[in-house]
Each structure stands twice: as C-alpha cells, then as structure tokens.
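Here is what TrEMBL says about this protein:
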- A:228-352: domain 'ABC3 transporter permease C-terminal' (DOMAIN)
- A:448-638: domain 'MacB-like periplasmic core' (DOMAIN)
- A:672-790: domain 'ABC3 transporter permease C-terminal' (DOMAIN)
- A:226-249: transmembrane segment (TRANSMEM)
- A:269-300: transmembrane segment (TRANSMEM)
- A:320-342: transmembrane segment (TRANSMEM)
- A:374-395: transmembrane segment (TRANSMEM)
- A:401-422: transmembrane segment (TRANSMEM)
- A:443-463: transmembrane segment (TRANSMEM)
- A:665-690: transmembrane segment (TRANSMEM)
- A:721-743: transmembrane segment (TRANSMEM)
- A:763-783: transmembrane segment (TRANSMEM)
C-alpha cells in the first residue's frame, strides 16, 4: 500500500516537471541567498579573528601609553631590567595611495609563546635572515599578490596572517618606519616570582584583551545589515515555496482522496508527504548551499572592498568552505520547507474522506481573517513608529525596519481590496466590473506572492534611496572637503621645505597637513592641524559651528570634531574635548566626515606644532588655478623626482573615493536585484497555482461569449493591475524604509546622518521592471488559457471534478 | 663548559652547514676571529665580551648547603652568540644573548631562560665596572679597586618559581686551562680561550616555592670564547668540576665522538691555584648507570680516573632529574663523589639523545 501510495504521489511530479522545478528552485534560491550571506559573514569573522589573534592580541595583556604615543625605548628596557617579561612591538602603517601595509615588528627573542609568532627555529623561515638586514616580511599569500609599497625586504608567504598585515623583526620595522620606540608592549601571562604587580611598576596603561576584536565590533553593524538582507531574501524565497507546495497539494487533492478511499491511513499519508517534502528540502538545500557558495564567492571581493573602504577592516577575498554555514543553510532549508508546508499538511490531515473536492475553498480567505491581518499590521506600524522615534541602538533600528516591512506586507491584501473596490465604482462595462471583482476574489490566493513583491520593491526603493542620498551627499561633501587642487607628500622634512619654497611663487597657497594619533574619549583617533586659510573657511563642511569658529581655531582657542565623535560621545558646540591628558579645548564646530570609521579632531596649525614639535610636515595641500595644475605637477616631478603616488590631484582622489563608495554598495545592489528576481518567481508560481483552479470561474464567462484570447488578455491585465497597485503601495513603504536606514541605522552603524533625497526616475524604472516581471510571470498562464481546448472548459459544466 | 650548545647556537645564528678546520687561521670565512695559541690576556678587558668571536659565555655553578642542612646547587649562565663580528646599536641584532638559571635540590629542579639582543641594553657585559646581565639577572663585580674584577661578585636571577641572591668572594687566583688558556677541543685542533675562577666562597639566599633559605658553599666560574664548533663527528660533551677536601680542584671533560674514542682533557688545580693540564687520554670517564630523564637515557653515575693524580672516584647526582628543558636542553646539576677522594662538584652533560 505504501509503495503504491508513493508511486501515486510521485507520479504527480513526473507529470508536472515545471512545478517540481519551481519548488526546488524557490527553495534553492532562498537557501542560496541566506547561506551566501552567512558564508560572507563567516569568512569576515574568521578574518577578524585571525587579525585579532596575530601576536596573541586576543589573550595577551598589553602596555600602552595613555596618549597613544610610542613607548620610549628606555622605558621598555627599564621594565625588562626590573624583571618583567614584556615584549616590544613596533606597529606602523606603510601606505601610499595605491598600497597599504600594516607592519608588525616583533622581537622574537622576547615574544611570549602565547603570542604564537611563527616558528623561527626549525621552521622554514631562517631566524638569522629574519633578524638581520634586510630582514624578511611574513605575509599571507594574498597580501603578497596585491600591490605593496615599494622597497620592501623580501617577502615570505606564511599561513595564519591576516591580509594586509606583515610580520617582521622589530629591527626591520624600525628601519622601514624610521622610529625605534615600541608602539606597545606585550605582557607575558606568567611573570617571575617575587615581583610587585606590573601595574605598580609603571605609568603605562595595562589593558587586558577584550572579547571580540575592535574591528569585529566596528563591523558588526555591517554584518547585521547583510544578515537582514539575507533573511529578507529567504523570506521572499519562502513565498515561492509556499506557492509551489500549495499548488502541488491542490492538484493532488483528488489523488489524496482516492488513496484515502482505498484505505491508506491518514497518518501514513501525511507521513509520506512530509518525507517527500523533506527529500525536496534536502535536494534543494544542497543545491542552495552550492549556489550560496557561488553567490558568496562572487560577492566577497566586493564585500572585502566595502569593509576596507568603510572600516579599514581587512578580510580575505577568498572564500573558504566552512561547515558551519553549510549546516545552518541546510537547517534553514528544512525549517523553511516545514514553515511553508505546515498549512498544506494540516489541510490534508483534516481532509474529509468522502467530501467533494472544493478546489477554491482554501483560497477563499474570509474577510474576517483579512481584518485580523489588518489590525495586526496597524499594531506593527505603531511599533515601528515607536522604535523609530524612541528606540536606540542598531537592533532597535532593524526591529523598526522589520515591523515596518511585515506590517506593510500584512496590510497589503486589505489595502488592495479597498483599492479594487474603489476602482469597481468607475468600471464602465460589465466585463470590466467582473474583471475587478474577480481580481478582488483572487487576492487571497495571490496575496502571498504579492506580499513578496511588495517586500522586494519596498526594499529596493528604500535601499536605493538610501544609497542615492548617500552618494549625493558624499559627492557634494568631497567637493567641499577636497577644495585644494593638488596634494603633495614629501619624503623628508628637508624635501618638504624645498617643495614649499618651490611652490610658493607658482601657486596661490601651500597649506601644510599634519596629523598625530591621539586618544579621544578612550578610542584611537586622529588629530589634525590646519592653517588659517580661506580654503577652510569657505569650504569646510561644517554641520554646526560657533559664530566665530575659524577665528577661534586659528587662535588655538577651540577645536573642531567630526560628526562620528560628536554623535558617539554626544558632544556639542561649547563642550570640552580632551585631546591629550590634561589638555582640553572647547568644541567650536562639528564637520561631516564620511567614510572614516574613527573619531577626528582639528586644531590650529600653530597650536599643533607647539604640542607636537616632532611631527614632520611632509604633506601639503596646494591651491592653484585648475588650468595650471598639470604644469605645477610636471615641474615638481622634474625638480624633485617625486614618485607618482606622492603627487595627487583633486580629481584623482575624488575618483578613488567614489570608487570605494561604489564598491561599498555593490553587494547591496546585487542582493536587491536577486530579491526582486525571487519575488517574480513567487508571482509566477502563484499564478500557475491559480490558473489550474480558476477554470470553474472562467468557464461561465467563456460560455457567455468572451473569447479565450480576451480572457487571456484579461488575465494579463489583472496581473498588471495588481503589480501596479502593489508597486504604488511599495513607494511609501520604501521611503519609510529609507528614512529608517538614513536616520536610525546609518547613525548607529557609521556615526553619520544623511539628508534624504528622492529619486522619482528610479522609481519609474523600478515600476516598469515590476510590471515587466509581473507580465512575464503571467505570460505563460495566459498563453495556456488562450490555447486551452474548449472541451476542457466545457468539462467544467459536465462534471464538477 | 657547554660544548653542545655551540652546535645549536651556531645553527641558530648561521643556519648553514658547520665549517671546520680553521684552527690556526686568523679569521674564518665569515670574518670571525679564531683562537690562536699563546694568548695574551688583558684584564679587566678580557672579562668583557669579545664580539669578533662567534660564541662566548660567563658560566657559574655553585654547590651549596642550606641552613636546613640540605644540599643545593645553582647555575647562572650568560651566553653570547654573534650574528656578525661587531657590536651594533639599536634593534639591529648583531649580538644575541641567552641566560640560563637553575636551582637544584634533592627532589626538585628549577630553571629559567632569557633571550635578548645586544644594542638596546636588555642584555650585555661591561668589563669595567664589571657587570654581566640579561633583564634583571645580573653578575656584578663587588671587588675593591685594584683587585681582579671577578674576585668578588653579586649574583642574582629569578624564574617563575625561584630566585636567588648570592655573594661570592674568591679565595684564589684565576686559573688558565690547556696551554695558558688555549684549550684544544679535538684531535683536529678546534680550540677555545678558556679560564676559570674556581675558588669562590658563597653566601646568600635562595627563594623556592617553600620559602627562602640561607645558603653557603663554593662556586666555580668559567669564562670561554671561541668561533669554532666541535669536530663534525663530535656529538656530545660531559664536563666535571670537583672540589677536594684540601682545597684542590679538578676540571675534566670528555668530548664524545661517533667514530673516534672520547677526547678528554683535564686540569688539576692545586689549593694555591697552580694548574696542571693533562692531555687527551689522561682522564678516563666511564658511565656506570643511566636513568631516563625527559625521555632520554642519561648517565647519572660516573667513574672518573686520573691515574697521574691517583684519582679514582665514582660520582652520584644530587638529583638525577637535573634537566634544563631550555631552548637547547641539557643536563646540569650538583654531584657528590667518593672513592679515592670525597667531595662535591658539578656535572654537565649534553648531546644525550
């Protein structure tokens, strides 16, 4: 009996291979998007952990100076000679515009074993080569493959290092960076017996490793973002699965009844169906994981670019297969299938043995259920409003987004019904009136697919509005911020002086750019000194300012801080900001500083050189009429033999910055398009389901004299109407989404708030896409209707199936 | 004496196949100076480092008795190993330093190791005033002006579970091994400069996990430098220092070879410091009993015969598990001997695989 039942159930899929394909495709796509996003996140986390584990930073205490400056060599030696087991590290960043490399110089003779420095004795790396000139740089294979600063010692490719980081001997790091004082000291966990506690022996700050890396915390928001997108894609994918399972169960209703009548126990039937669905889930899950891997591998370089651009976080551009996300991907495929099919299975379980088939019964959701949905949706809107208005933190932001989207999806059927009812009043012919009424009547069957479409469209509008607003603000900001025409970096202080002297007669102004690392509000930050010049007064993008802000800064009486710092620490104009221990200035202005993850402050140049006399003035911004830039560049290049990287004009920096920006949102765009594709598939699956069941409704119209072609056109028109209405409703939802993204999520994730801009042309294009997608989805069912055998329609009257 | 350490230290620093047979030449292929016969020592300069030689050490061992009546042994060693035959300032590593410290009791053995590079001040040796140090471990001269810098020392070291602080006062002169301090190490002619101060009286304090103990006893300092490894066939080293009841001392070592008989050498030191060197073969060393130490079979009882001095003794380790599990592991600990003579001494064994 079981075997016969199996054969009967499976024969359905043989006869409907398209349906089988839809089901598997839907499930596979949903799993693919979800597990792809998870794979990217897993890869990024692994990269952060690797970076955090370099030199045992995840478990070793460290000694640093409170002001963030290097520790004098003598202070390190004094600690060693007092008996403490501390080990010096010189950490510097070698950078020119095209290449960046973080250099970690260690002293392998004193590095604690817990730092897990690569084995230098008995390993493939020669200790002598490592510690003697020119030294060696240990790097990951992908670091070796990318462009690097010039004149480096020989590279040795080693596993276990984060990309963009080179491990080397402290002497090599000292030579390449020109400084010999350690950046910080690693503290061995076991100190010799009989010594006073280390904290009592030094003024340096002892910091214990924190759980989770800094960069991991910084990028949490980005990964949460990705996860939210993955979840959205998965939810949309589930609509397809739901529709496909609904269709398959509906069409097999007669088989179920026959099998039951032949004596198959209901429990066994349900079990068989569950087994069948599980098999589908496993196959589709496997395909999904493979697809997910492909999606992730394709997107990862973009994500890596994003993270590097936004946070300076280095992640590997190569995807490793990690069982964790594969297993979770399979799990989510199974859970998703269960969620999508539970309703259908319950219906089968309750199927009355001898009752006549009621093909339309399940689709006829009662008005009461719709009202319930609407009430729930209103509740969610209220929640979204409260979260948006009063919530704090990234989680609240995303919860607000979720409430908004789910509420909109739940409200959709009621809203569409209302709109269609309204439209009926303006119907001029009975056929049109029937069309609208019939559309309304079909809504419950299509609502799932339409909800999916709404989610996809709203997400698309929301995210593209956010990205568009960001791009608009960002380009405007770049124009302000990069007011100088030319940026020059000298190699030595004397060369800098010579360049300044050479430039002065040929240009309008030469403005030095100097900076020093400082600690602002307990976090690493950058302090800049700027000259008193119209370039800043006229262009600098201030968000808030005291009346005489530039005079105060020039006089060394006040500082400017960036928006990130201002928001994070809730600092406003007039508040004091501590730039170094015991050195505090009032804040005279807050400026926007997009694309920079850390805090920043600006003071007058004179005050800066007073405080940091040792910081060399190597960089300078040059004001020169744009048409004379090439001449000045050529002259400087000829006179000082400066490398290309040390002479950059404004246009080049802008191009570079915009490229980073575009890269940043590459992934978002790709996920957007994929989501829309998935939603279209859901629509197709739902329409196919309905097409099979709707013959009893269509047959009378046909019998009344409408041609099959006219009916098919009506089908297309109906789908177009629904898609258009859904799109129209998606616009306000999408804009609300964009507002939450800009005003809540962005502020939490990046520390800046952006003004919202509208892009109606983009909406129009998206509307056309949606219409096109809906028509494509409706085309096949409509074509089938146009070519249906009249006898099939007649049969509706002959027997009630 | 620490011959076995030559090999790994040289491997560590040059990473290339050992060269040999440079005896008698002024420098080797990489520009390092090579010991030559008839040395002329100049003090205090020669108590300090000789950076143009590859390898050098300040090696002190002491047999001690605690106020509790128990026997103890301590070791304090500073090794120098050159990457280049020069001194360098800053992080640029031309000279590497390695410190070993150990404390042995009947039932426990404590040890610690420190590494560092010269040029930044973490480790080094200055001849005048004399100080040898790595981190907070130090051997500092407390000798009065005019006296030999090594005639009085303060010695400190500290590990995770032990520390000591000892005062040393020499009751005899420096002693030069081999031919006036030129000590031959193999039949092929490998040699080093080698002298000792074997006459220290010691007092001070050991601090072990159980608490501090006041100790007294006697100590022996070896000074040795060279640029030459052992012969290629030599694979290990057994070094003895013995103190006799009348104040006489005996230094003896055997260099084990895979293909030839063990190469032995000995110096008899009279109570007045007069030294008599004995050539290869005069000293006979016979292992009597081995024990498994850190997974190796190590001879912990020996028969020592020096017929020329009517010496025929058997040595027993205070603690057979005196294993220095440092980067380059070896056995080093206090011994007692009996037979024709009785007394205490120190034993070092390397190359026991």
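Cβ coordinates come from backbone N, Cα and C, glycine included.
Two recorded stretches are said to be in contact when at least 3 C-beta pairs lie under 8 angstroms, sequence spacing 6 or more; the transmembrane segment (A:320-342) and the transmembrane segment (A:269-300) meet this definition. Against the transmembrane segment (A:401-422), the recorded stretches A:374-395, A:443-463, A:721-743 differ in Cβ pairs under 8 Å, and the greatest number is found for A:374-395. A Cβ distance under 8 Å defines the sequence-distant neighbours of the transmembrane segment (A:269-300), meaning residues of its chain 6+ beyond its ends; these are 2, 5-6, 9-10, 23-40, 43, 245, 249, 256, 259-260, 317-319, 321, 325-326, 329-330, 333-334, 336-338, 341, 345, 348-349, 666-667, 670, 674. Across all of the domain 'ABC3 transporter permease C-terminal' (A:672-790), the predicted model scores a mean pLDDT of 82.
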